[in-house]
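K.L.:
Look at TrEMBL and you will find 34-53, 104-122, 189-212, 274-298 tagged as transmembrane segment.
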Amino acid sequence: MSIKLFTNAQGLPWIKSLKASNDDDHADRLNHRYCVGFLLVCAFIATGASFVFERITCWVPAQFIGAYTKYTNSYCWISNTYYIPSNTTVPHSKHDREHAEIGYYQWAPFIFLSCALFFYLPRMLWRSMNTRSGIDLQYLVTKSQANTIAQAIECYCEPNEKDARFISRFGRTILCTSGKRLGNYLRSIYLMVKFLYLINSFLQLVLVHIVLGQPGWLYGIDIWHSIFIRNSVLTDSPYFPRVTLCDLRIREVGNLHRYTVQCVLPINMLNEKLFALAWFGFIYVFVSNLVSFIFTLYDTIMARSRIHFIRNIYRTSAPTYKVDENLLEKFTQEFLMQDGVFILKIIYNNGPVFLATKVVHQLFSNYEKKEQEQEQQSRNIALQLNSSDV
């Protein structure tokens, strides 16, 4: 019974997406594969560090012994400590102290796990919507037979050809309509997923800014300047301070005593390194997502870009054959449409180059034969009509 449930669970689209696959491009895999893996490692390290390092050690008054010291350390760990630079007087105002509180170091593992989840959500959406299109890109990329791939693409694209004759490209662009019948279902879903990757990577940077509670936009720049320009580390980091203050209230014999103790957070040395790597990683991923989204949007809008792509692949497969440019444009616009070109581009980028060229050559040859047959049928009908008139 359990084996059957496990087998059925493996068939779910989002479970399949956990396996290594190449039905997207490098920028996408940078998000859902490498970023997720890195963040999971960070979460594991941050979690394990709590058991390896002394999480917090507070300098307590001399009368605090035994259980008093343990209580102080535990209290200051679960309650937010606050950071005041060593060259600044500790404020007396409760509001000023609360404003300087830092409370994210306890939640570092959960922050990394949450970031990993949001980096993977667009991938789950892409796999779920992709498998409902009627063609499995992940399956096609793994195939090595050009005939099988060409037949699958023909079965997918043939129902769209008739619709393309009645719906103008201008109308589709203005109305921003999409769907399998219009030949742009996969392309539209993929563009939306690209946009989600872009928004997510930007919001991850915003999250770092919020979590740090400081001018977090400059966090990585400060780290870079400190290490590589000044050849020193941030010994008194405002982002991950090693030394903080904690206000402790203890009720004794009806009297409420308030103590301000100084605490050391060794775990922040590790958190600083992990968040520094994450910050630089998020910047790189955001730039990659932005560039990838712009190129994908350009391919979606500009028909000439798709025609140029198909022409280059076909010339690779038949360099000496002079192709009919009008027929090639009609083949790209009315038969393949956006989804067909998108499928071929996925195969071209993730599989052997010669395989994509063979598939394009076979698809175009079949299309050319079909067009010639239709022209011959039209001539025969015209001849029959002329002969009947005579």
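Just so it is clear, glycine is given a Cβ too, placed from its N, Cα and C backbone atoms.
TrEMBL does not curate its annotations; it predicts them automatically.
Burial and contacts for the listed features, if you can.
P.N.:
Long-range contacts of the transmembrane segment (34-53) within the same chain: residues 108-110, 112-113, 115-116, 119-120, 266-267, 270-271, 274, 277-278, 281, 285, each at least 6 residues beyond the stretch ends and with a Cβ under 8 Å from a Cβ of the stretch.
Tertiary neighbourhood of the transmembrane segment (189-212): same-chain residues 24, 27-28, 31, 104, 111, 115, 118-119, 121-123, 125-126, 129-130, 133, 219, 239, 275, 278-279, 282-283, 285-286, 289-290, 292-293, 296-297, 300, 342, selected by CB-CB distance under 8 Å and a gap of 6+ residues from either end.
Residues 25-28, 30-31, 35, 38-39, 42, 45-46, 108, 112, 115, 190-191, 194-195, 197-198, 201-202, 204-205, 208, 212, 219-220, 223, 239-240, 305 of the same chain sit 6 or more residues outside the transmembrane segment (274-298) yet have a Cβ under 8 Å from a Cβ within it.
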K.L.:
For the transmembrane segment (104-122), find every same-chain residue at least 6 residues outside the stretch whose CB is under 8 Å from a CB in it, and list them.
P.N.:
28, 31-32, 35-36, 39-40, 42-44, 46-47, 50, 77-78, 193, 196-197, 200-201, 203-204, 207, 211-213, 240, 265, 267-268, 271, 274-275, 278
